[in-house]
Amino acid sequence: MNAALPVEVLKQHLIDPEICIRCNTCEETCPIDAITHDSNNYVVDPDICNGCMACVPPCPTGSIDNWRLVVRAEAYSLQDQLGWDELPREQPLPEAAAVAQPAADAAVEPPSAAAVAVMPSAAPGASVPPWSAAHPYVNLYTHKTPVTATVVGNYRVTGADTDSDIHHIVLDFGELPFPVLEGQSIGILPPGADAQGRPHHARQYSLASPRDGERAGYNNLSLTVKRVTEDHQGQSAHGVCSNYLCDLAKNDTVQVIGPFGHTFLMPNHPRANLIMICTGTGSAPMRAMTERYRRRIETGENGRLLLFFGARTERELPYFGPLMKLPRDFIDINLALSREAGQPKRYVQDLIRERAAAVRELLADRNTCIYVCGLKGMEVGVLDALREVTMQAGQDWTILHDVLRREGRLHFETY
Ligand code: A2P
């Protein structure tokens, strides 16, 4: 009797729609454009994905790290995946497929997590945290099990006469555990449904407060939220979640998921220096880290803080007043204003070039970590500026860039 012909098995890469927060990181990271999305889901094209794992470490929730053994000819199509509310269960493979599976599987076996951590990557930032980072909790609360937080503060932190309506929102978790670290984010579930009648997906916001709370010793945290009234092209657009959040009153309740993020974390060891580069609401994690340092100023443990902060004008720069009150010997503040009347337009990357000596000095110290958060467009500009200042000193940026990534010392969070 003839043996059954082996059937080709695929270890299919899938994204868990119940955990995914639709942050777009995977789609941006995928080097071969295998990931796409619609208004419902992020999905992986089985005909393109080669299991390279580049998208796995940057995913803040881990929803990307799902795999199913399927007969290749019956792989879940993009259309299937776009319609899912949850991942399908693992299906038993036909016998012939099971026989062939180990070889077929080996061919698509993704590299181990350890291999991924040192793999050269096209991503601009590290996929590992700094060596001394504290261990983060992630996904304690999901779309199915959100936690309720109470609004205990909601203040505008930009000039009332400007178009930039940015709010500092404080959420309290009462007796429920919500442990966080600076650099992590949370998801907010706005009430209501989208045009298709589906509940809105969570929107992700970085924490603006340090690990011990917006008010030290309390179980609360803060967010920096810009009311979205136009899209990146300047066309009128209504941000569902940002408008919901900016309009909240004290004692309102909010559904929260998370926390998320396991790499954009600050170092914990004494005398670690931070170079912080941000625009607009990208200042949230920088405020969290700065506040962590400020609260332990007396300990003498702090390294140096060098901040590059971009905004249209002083009045549109969130937290301008409190920021300018910080002692000059505690933090070196460089403001890049792009639309201040009577001043030339300046971006953070211009200031990095102007402060080349200070940047180089800190870069030469292995205790320095760099954080970049804000508009997507700044990524290239900041990398170019860092390349320029290092090359001016005869250093090879390619090598330094690789070291910074490998040592978890260069982190990007852009949108
Ligand atoms: P611009 O005045 O050219 O828009 P926003 O207020 O839109 O959040 O932007 C925050 C700041 O970031 C603004 O000063 C804005 O300048 C600036 N910005 C815009 N694009 C870039 C970019 N590619 N690199 C650095 N900064 C940028």
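Cβ from N, Cα, C; glycine included.
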For this session: Name the one residue among Lys226, Lys325 that TrEMBL lists for the same NADP(+) site as Ser206, Thr281, Ser338, Arg339, Lys345, Gly374, Leu375, Glu413.
Result: Lys226
For this session: Give the subset of the binding-site residues Ser206, Thr281, Arg339, Glu413 lying near ligand 1, defined as CB under 6 A from any of its atoms.
Result: Arg339
Exercise. Apart from its near flanks, which chain residues at least 6 from the ends of the domain '4Fe-4S ferredoxin-type' (42-69) lie with a Cβ under 8 angstroms of it?
Worked result: 9-27, 29-36, 75-78, 81-82, 87-88, 90-91, 93, 101, 105, 108-111, 113, 116-117, 119, 121-123, 127-128, 138-139, 185, 204, 260-263
Exercise. Among the binding-site residues Arg339, Glu413, which residue has the largest number of other Cβ atoms within 10 Å of its own Cβ?
Worked result: Glu413
Exercise. For the domain '4Fe-4S ferredoxin-type' (11-40), what is the mean per-residue pLDDT, to the nearest integer?
Worked result: 93
Seminar exercise, completed: In all the protein chains shown, the tally of other Cβ atoms within 10 Å of the Cβ of Ser206 (NADP(+) binding site) is 25
